[in-house]
Amino acid sequence: MARNKIALIGSGMIGGTLAHLAGIKDLGDVVLFDIAQGTPQGKALDIAESAPVDGFDGAFSGANDYAAIEGADVCIVTAGVPRKPGMSRDDLLGTNLKVMEQVGAGIAKYAPDAFVICITNPLDAMVWALQKFSGLPKNKVVGMAGVLDSSRFRHFLASEFKVSVADVTAFVLGGHGDTMVPLKRYSTVAGIPLTDLVKMGWCTQERLEEIIQRTRDGGAEIVGLLGNGSAYYAPAASAIAMAEAYLKDRKRVLPCAAALNGEYGLSDMYVGVPCVIGEGGVERVIEIDLVDDEQSQFDKSVESVKGLMEACRGIAPNLR
Ligand code: A3D
């Protein structure tokens, strides 16, 4: 049986890390694509030269021509520009929308059967545009943000409570931005909701709110520390978890930016919701009941995503 083929569209900081992780996890053959000459080829060769040490068999190649992604099973898209200190994700919209148009055409031509995971920011608007530009089925085009946001939340909670990250689950809804909605009721330590942990005296409500705010600002915190570029290790690990769920039909329940078709009262848009990811791509969107402040926070997040979609339509009228 042939190995799976994973195409990485964009070979910058996240693209290179994705390639390395795909190798170490033996997910298949990897093609790195980029418009920058030499970058994908150099990263592919460097990783291939680590394979004898780490003992993986996947083939690695780099390309500047979309023909190289032909027949890919998974495409992970990071092409575009990242944030610089002081910039919001939304400031990237004009540049990255044009990139999504090129990427969508490339995937439509050479990898129309792929499962496509978009990472390029502003995420919820870019994945929506990428699905339209590519014309691929909506269940096969998904955005990565919720796995990362939840992972950040889990890390902060585990270090606050001094417990293993393995025993902390976290649930984050909504758009990937300052309006994301970390849900206290559905985030737990070994099944005990955060709301109960506050009652049990594990931390105060105020401290929990600080951790939630740090989660919302998690991307900006890294941008500020790096001073040049944005996070890449955790974003790459998160997208690889999604790719693995698809390739191995794991039916994992992961928060993803998914196309909504009536769920949560919304359609023709992408926003972060819990999904089942398996061989069918997004096999199910899980609709949970939101209470009081959760619903109002989710609505605010949805409005901000809709604003970005409107800005995209202003630039690319063919998105209507
Ligand atoms: P970076 O290291 O700059 O890599 C981007 C790559 O895209 C570069 O190698 C460029 O040459 C390449 N590129 C630019 N234009 C094109 C094009 N038209 N076709 C093909 N390749 C092109 O950035 P990065 O890897 O750090 O980040 C990539 C994207 O991910 C940015 O938009 C970030 O904002 C975004 N990001 C998203 C998250 C989420 O959680 C959603 C987290 C972190 C970063």
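Numbers run from 1 along the shown chain.
Heads up, the Cβ atoms here are built off N, Cα and C, so glycines get one too.
Sequence annotations record features per position, and here TrEMBL assigns domain 'Lactate/malate dehydrogenase N-terminal' to 5-143. The helix, strand and coil residue counts that DSSP assigns across the domain 'Lactate/malate dehydrogenase N-terminal' (5-143) are 67 helix, 25 strand, 47 coil.
Per TrEMBL, NAD(+) binding site is recorded for G10, S11, G12, M13, I14, G15, D34, N96, I119, T120, N121. In sequence order, F33, D34, V77, T78, A79, G80, T120 make up the list of same-chain residues 6 or more apart from G10 (NAD(+) binding site) whose Cβ falls under 8 Å from its Cβ.
Under the heading substrate binding site, TrEMBL lists R83, R89, N121, R152. Under a cutoff of 8 A between CB atoms, and with a sequence separation of 6+ in the same chain, the neighbours of R89 (substrate binding site) are R83, N121, P122, L123, H176, G177, G219.
Marked as domain 'Lactate/malate dehydrogenase C-terminal' by TrEMBL: 148-309.
For H176 (active site, proton acceptor), the number of other Cβ atoms no farther than 10 Å from its own Cβ, over all displayed protein chains, is 28. The feature active site, proton acceptor is assigned by TrEMBL to H176.
The CA atom of G12 (NAD(+) binding site) is located 22 Å away from the CA atom of R152 (substrate binding site). Proximity of R152 (substrate binding site) to non-local residues of its own chain (separation of 6 or more, Cβ distance below 8 Å) is seen for T215, G218, A234, given in sequence order. A helical conformation is recorded for R152 (substrate binding site) in the three-state DSSP classification.
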